[in-house]
Amino acid sequence: MNHDLVIIGAGPGGYIAAIRAAQLGLNVACIEKERMLGGTCLRVGCIPSKALLESSELYKEAEHTFKDRGINVGSLSLDLEKMLSQKDRTVKTMGGGIDSLFKKNKITRYSGHATITAPGKVSVDNGEEKTELEAKYILIATGSEPSTLPGIELDGDRVGTSTEALSYDQVPKHLVVIGGGVIGLELGAVWSRLGAKVTVLEYLDRILPTTDFEIAKEAQKIFEKQGIEFQLGCRVTGVKANRKTCDVEIADAKSIRCERVLVAVGRRPNTENLGLAEIGIALDKRGFIPVNDHYETAVKGIFAIGDVIGGAMLAHKAEDEGVAFSERLVTGYGHVNYDAIPSVAYTNPEIAAVGKTEEQLKEEGIEYRKGVFPFMANGRARAMGQTEGKVKMLADKQTDRVLGVHILGPRAGDLIAECAVAMEFGASSEDIARCCHAHPTLAEAVKEAALAVDKRALNF
Ligand code: FAD
Ligand code: NAD
């Protein structure tokens, strides 16, 4: 079979690249080894985790905050099976949506494991037969999978990864999470809200290592108040799974007995059996595929994007690379501004950021001014009863150009979009401060933080 472009992997990187390339007139094929299109993000990542975060938050609100607002509900109970099936339905519906998009854009889909046999040649093995494809260009968008630690055997039951933690059939009495990163905090929050005792063990002396330190520290305090336990500076040496419990062994400390263990210590690129070494593509020392500015690998005509090339492991980063790749291939233009990629942890409150942290600015010797505005002084946050957290804006001391924004607070994930747009347009804090923001909205906290850069916040 001949195609202009063959894409391996139908995650947010691969399927979006396929759609954009097809829009631009290429004859595109996409190979996916799983039955459902959408990749990690749709099957076992962004979407199912957000469905559970939303449901568990509603459950917690009904349990704790409805009463304060004069809403009395009868006795509250959890139907976990139904909660999980709502999540599964959401995923299935969205998977069907990508199938329709493939049909609409006339993208040919192949099911099976892809191996590159030579430049321009890909073999697809679906377990029963092999199909040989030929293409002018090949795009690798094979994503990533959970990492584990030496001494820990993932049994897919008591000791598992995020994939299992999206589908526990009962609320564990005690869940130990290894890793205080985004997955640990999001999925830890889900099960804590549903009634589990949750202990997060983090190797470093802080949680969320890439988040602005002041924000991460404040977030940890809030999560502790919500009942999550943290043990920082904690080196896990092994996990012993018993019939009904597990023992998590820690260097220089007592082991912890719990019901389930979630290993959330990062993700590693998916490059197994892709045929890379055989065609001359060497991996970097962390296992990622090296690419140039055009996303081209060491072999001409073979490109790679998304989690498999490293950088921020985020769905929207993979998508934007997919668009940039296809546009550059067809039109000669296309680019991603890596300085303005937002990130969001969907905890409560949410944590969102774009641009540089205060630590990075100090390290790079960049002089900056800082504006902070707390949500407790924002009318909408007060009305919502969600006053924890703040907006922190960092702007260049000389030019006032916004260099970073860090938000801990309600709907931070939505608020950060304004800041990413501002940074894309090279805005100053003064630009944001002078834009009219509707009242009463949470977005006014962003405007006030911008005013605070120049020490002229109005409501604080
Ligand atoms: P993937 O989504 O991993 O897709 C790669 C696809 O390639 C997979 O479907 C795989 O089956 C297929 N594949 C691999 N090898 C082959 C082969 N040889 N042949 C055929 N097919 C192959 N990111 C966010 O931005 N926001 C979030 O809220 C968020 N939440 C997350 C929650 C969890 C629990 C997890 C695990 C991740 C989350 N992420 C989130 C990260 C996000 O899922 C990834 O960054 C994103 O999916 C990467 O996209 P990708 O296209 O590079 O790879
Ligand atoms: P992560 O890199 O965010 O966090 C892993 C944490 O584990 C780090 O804090 C690290 O210090 C810690 N750790 C590493 N080794 C350890 C050890 N031996 N003992 C204890 N702690 C250890 O990785 P993650 O949370 O697994 O998430 C993987 C990827 O998925 C991330 O890159 C993230 O971007 C992406 N993701 C994004 C979202 C989102 O955007 N909302 C949600 C989930 C996942």
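Keep in mind that glycine also has a Cβ here, set from the backbone N, Cα and C atoms.
Where the annotation comes from TrEMBL, it is an automatic prediction and has not been curated.
What TrEMBL says about this one:
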- H439: active site, proton acceptor (ACT_SITE)
- K50, T142, G143, S144, D307, M313, L314, A315, H316: FAD binding site (BINDING)
- G179, G180, G181, V182, I183, G184, L185, E186, E202, G266: NAD(+) binding site (BINDING)
- C41-C46: disulfide bond (DISULFID)
- 4-322: domain 'FAD/NAD(P)-binding' (DOMAIN)
- 341-450: domain 'Pyridine nucleotide-disulphide oxidoreductase dimerisation' (DOMAIN)
Subject >> Those binding-site residues listed as E202, D307, and which of them has the most Cβ atoms within 10 Å of its own Cβ >> reply: D307
**OP:** Using C-alpha atoms only, work out the spacing between G181 (NAD(+) binding site) and G143 (FAD binding site) and round it to an integer in Å.
**Re:** 19
**OP:** List nothing but the largest Cα to Cα distance in Å, as a whole number, among the residues G179, G180, G181, V182, I183, G184, L185, E186, E202, G266 that the record says bind NAD(+).
**Re:** 14
**OP:** Check the domain 'Pyridine nucleotide-disulphide oxidoreductase dimerisation' (341-450) for me and report the mean pLDDT.
**Re:** 98
Original post:
So which binding-site residues out of G179, G181, I183, E202, H316 are up against ligand 1, CB under 6 A?
Top reply: I183, H316
**OP:** Compute all pairwise C-alpha distances among K50, T142, G143, S144, D307, M313, L314, A315, H316, the residues listed as binding FAD, and give the largest one in whole angstrom.
**Re:** 22
Original post:
Those recorded positions, G179, G181, L185, D307, H439: which ones have a Cβ sitting under 6 Å from ligand 2?
Top reply: G179, G181
Subject >> Listed in sequence order, residues not in G179, G180, G181, V182, I183, G184, L185, E186, E202, G266 with Cβ within 8 Å of the centre of the NAD(+) site Cβ atoms >> reply: V177, G188, V200, I207, L208, A264, V265
Subject >> the domain 'Pyridine nucleotide-disulphide oxidoreductase dimerisation' (341-450), counted residue by residue under DSSP: helix, strand, coil >> reply: 42 helix, 33 strand, 35 coil
Original post:
So which of the recorded positions is most packed in, judged by how many other Cβ atoms lie within 10 Å of its Cβ, out of H316, H439?
Top reply: H316
Original post:
Can you tell which of the recorded positions C41, K50, I183, E202, L314 lies nearest to the residue listed as 'active site, proton acceptor' in space, using Cα positions?
Top reply: K50
